[in-house]
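Below is one structure; the comments refer to it alone.
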Amino acid sequence: MVTENALPRGALRRAEAVLAALRARYPRPATHLVAANAWELLVATVLAAQCTDARVNTVTPELFRRWPGPTELAGATQEELEAVIRSTGFYHSKARNLLGAARRLCEVYGGEVPPRLEELITLPGVARKTANVVLFGAFGINEGLAVDTHVKRISHRLGLTAQTDPVAVERDLMRLFPRAEWGDVNHRMVWFGRDVCHARSPRCADCELAAICPRREPPRERTARTPSRAGSRAGK
Ligand code: SF4
């Protein structure tokens, strides 16, 4: 049995205000990654670990031109793929994970991206965050709430969670926001993190949430030497 962590006092009330404010600020949120289908979104999300979406968007057109789907990519070599994705950083592990994912999709799932979280997380380089991004972005499924660096930071500052582990943060946010909103909450927080609640210098004077924000800083994160198995983010 999973025991639920205590939410910060007033978190539910703040979550309602956060949802209203972010919906007003970003009526039609969307990912910054350019992807035409579930496979492309999965690849782009893996590449976006420790990299900007803009950079990923410069790399993926050539990648998808040469290898349009898992079947084609499964036949590529590590060196060929590394040469294309090099500028996204951590290209050894990203190439290894993408080739492993392509081959597993071909061997186990008929070359298709499965629309189920428990199957997605069996792919190399894919954990809950990437799986949640793909499920919502490609299939419209709200199975969980993708917690990336923006979501984690903003959730702490706004007193929505006291957790540090992304899965525990996700669990708290899933209790605070309606299920139908989970995917959009991720997108909206990513945009808000880029526009207003910056990591180093949040623009609190310009923030519509300043009156209710306790401005709690999350514990310092250790610098990762390599991207996590999840691909470490859903939006930069
Ligand atoms: S008041 Fe400042 S810390 Fe709080 S959400 Fe707004 S920008 Fe972020």
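Our numbering is plain: 1 for the first residue shown, then up by one each step along the chain.
From the backbone N, Cα and C atoms, a Cβ is placed for every residue, glycine too.
Cross-referencing CYS106, CYS197 with the [4Fe-4S] cluster binding residues that TrEMBL gives (CYS204, CYS207, CYS213) picks out CYS197. For the domain 'HhH-GPD' (47-195), the model gives a mean pLDDT of 97. In the domain 'HhH-GPD' (47-195), helix, strand and coil residues by DSSP number 101 helix, 0 strand, 48 coil. Here the binding-site residues are CYS204, CYS213, and the one whose Cβ sees the fewest other Cβ atoms within 10 Å is CYS204. Shown in sequence order, ARG157, LEU158, VAL196, PRO202, ARG203, LEU209, ALA210, ARG215 are the same-chain residues outside CYS197, CYS204, CYS207, CYS213 whose Cβ sits within 8 Å of the Cβ centre of the [4Fe-4S] cluster site.
The Cβ neighbour count for CYS197 ([4Fe-4S] cluster binding site), using a 10 Å radius and every protein chain shown, is 21.
Classification of CYS204 ([4Fe-4S] cluster binding site) by DSSP places it within a helix.
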